[in-house]
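Chemist: I have a structure I would like to understand better, so I am pasting it below and will then ask my questions one at a time.
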């Protein structure tokens with residue numbers, strides 16, 4: 001019999017950062033007796049989940065994909081954002097054979113290049129500098145018809161902040177002497193990830209057939225009209241800009257988001273021959289449909305930047321050592337606790353089980369701030385009591401998903417719901433002698449108002465995240481930890497040597 005405490009639970013509180021500023025801080029405002037008690041009585045500290053510490057540009061806020069990659073890999077994972085930006089700076093982007101091949105096919109036949117993507121400086125799913133570079137590449141290679149179908153952000157950026165991004169792209173096209181913004185739509189429609197196909201169909205029909213609820217002469221005018229209708233960037237309805245632009249046979253389409261999870265549904269509509277999620281009015285015979293990165297191995301679209309493989313991530317190494325593991329989350333974060341935590345692998349490892357709890361079907365999560373966290377917790381408590389698993393990895397989506405709504409009162413309720421859930425897990429572990437690590441992937445809910453603009457702060461933050469050890473061992477939390485140190489910490493608690501690929505080091509040291 002092993003003497004290792006069982007199970008070891010990694011609790012990832014999504015979007016749950018730490019800020020010393022009490023104003024507009026949903027964690028500070030919430031009643032959190034469990035969290036307060038754990039921090040008062042157990043080894044705890046703060047670790048970094050942003051910038052260079054997670055493989056992003058310095059000062060860039062973290063996000064869920066990046067956070068889970070680093071948590072599961074046990075090493076700093078240099079992100080697609082960083083790879084693409086570097087390629088643009090050193091000129092390799094403009095020689096990328098996937099991108100140049102697609103553009104050349106269309107341009108040589110006098111056809112159009114359509115650029116799709118989130119027009120934003122948020123850096124979470126995309127970056128506007130990448131869209132600028134793609135427009136420049138298309139122009140350099142002789143494309144005369146270059147159209148940007150812009151998805152507006154307002155979620156990883158302030159709710160009404162798209163004007164400067166539109167101005168940047170308008171200026172880019174003016175400088176190039178060709179190309180223009182052809183359509184606007186909020187990311188709520190174009191970048192769904194929860195099978196709300198009515199939203200995706202609005203984006204698809206806008207891009208392919210220029211079918212729009214609204215029209216405007218310029219993108220600036222379209223944005224102003226949306227604001228007059230009280231639509232913030234995220235929720236801007238399908239708007240045609242200028243003369244109708246359709247995706248015709250022989251055109252090339254390039255999707256410039258680098259993050260996969262919110263690019264999959266729209267991409268499927270473009271490339272799956274037997275697509276049935278909604279009735280496509282038309283499926284053009286494109287010269288090429290390209291993703292900036294690989295959105296899924298199952299989506300038949302070449303990637304300009306192919307995934308770099310990660311070996312001996314935590315899940316794989318646990319399987320090699322005969323350990324069992326459970327991954328559990330609700331829909332919104334299921335991909336993060338499985339695909340991203342496993343280093344970009346879709347299939348479970350040997351001895352790995354997965355539980356998906358459907359997210360509630362509400363328009364926005366401020367309407368149900370507890371989401372389905374209680375049901376997630378029911379399944380975790382059950383798994384702890386059964387003692388079938390050596391390791392349980394759970395993601396609670398509330399801090400991030402409710403934080404993104406910008407509704408402070410709802411965010412406070414979300415934090416209080418999390419506190420109750422964590423308390424139930426800690427109680428269940430106490431009964432069986434298990435252990436837990438409580439942390440987060442990035443900040444969000446600790447800052448709910450932008451101190452500069454006074455607008456709701458709906459984006460992630462660069463704040464550090466909590467790290468708490470729940471267990472009986474005489475340990476303390478060292479300073480200077482990062483997300484990549486969490487997997488090595490778990491291996492230490494499990495009594496396993498870390499593999500050579502894991503360059504992170506344990507956050508827990510002898511007290």
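Here the Cβ of each residue, glycine as well, is placed from N, Cα and C on the backbone.
Annotations per Swiss-Prot:
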BINDING   14, 64, 441, 442  Mn(2+) 2 binding site
ACT_SITE  64  active site, phosphoserine intermediate
BINDING   125, 155, 156, 187, 193, 259, 260, 261, 262, 333  substrate binding site
BINDING   400, 404, 460  Mn(2+) 1 binding site
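Could you place the listed features in the three-dimensional structure?
Modeler: Within the same chain, residues at least six positions away from residue 441 (Mn(2+) 2 binding site) with a Cβ under 8 Å of its Cβ are 12, 14, 15, 49, 62, 63, 64, 66, 67, 68, 71, 336, 465, 483. DSSP assigns residue 441 (Mn(2+) 2 binding site) to coil, not to a helix or a strand.
A helical conformation is recorded for residue 64 (Mn(2+) 2 binding site) in the three-state DSSP classification.
Spatially close to residue 156 (substrate binding site) yet at least six residues away along the chain are 61, 63, 120, 122, 123, 124, 125, 458, 459, 460, judged by Cβ distances under 8 angstroms.
In sequence order, 14, 15, 16, 64, 333, 442, 444, 445, 460 are the residues near residue 400 (Mn(2+) 1 binding site), counting only same-chain partners six or more apart with C-beta under 8 A. DSSP assigns residue 400 (Mn(2+) 1 binding site) to a helical segment in the three-state reduction.
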Chemist: By Cβ count within 10 Å, point out the most packed of the binding-site residues listed: 125, 193, 460.
Modeler: 460
Chemist: Find, among the binding-site residues listed as 262, 404, 442, the one whose Cβ has the highest number of other Cβ atoms within 10 Å in the structure shown.
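Modeler: In terms of Cβ crowding, the pick is 442.
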Chemist: What same-chain residues, at least 6 away in sequence, bring their CB to under 8 Å of the CB of residue 260 (substrate binding site)?
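Modeler: In sequence order, the residues whose Cβ lies under 8 Å from that of residue 260 (substrate binding site) (at least 6 apart) are 65, 293, 294, 295, 296.
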Chemist: Note down the number of other Cβ atoms within 10 Å of the Cβ of residue 14 (Mn(2+) 2 binding site), including every protein chain shown.
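Modeler: Residue 14 (Mn(2+) 2 binding site) is surrounded by 26 other Cβ atoms within 10 Å.
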Chemist: Which residues, same chain and not among 400, 404, 460, have a CB within 8 angstroms of the centroid of the CB atoms at the recorded Mn(2+) 1 site?
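Modeler: What remains near the Cβ centre is 14, 15, 63, 64, 155, 156, 399, 401, 403, 442, 444, 445, 458, 459.
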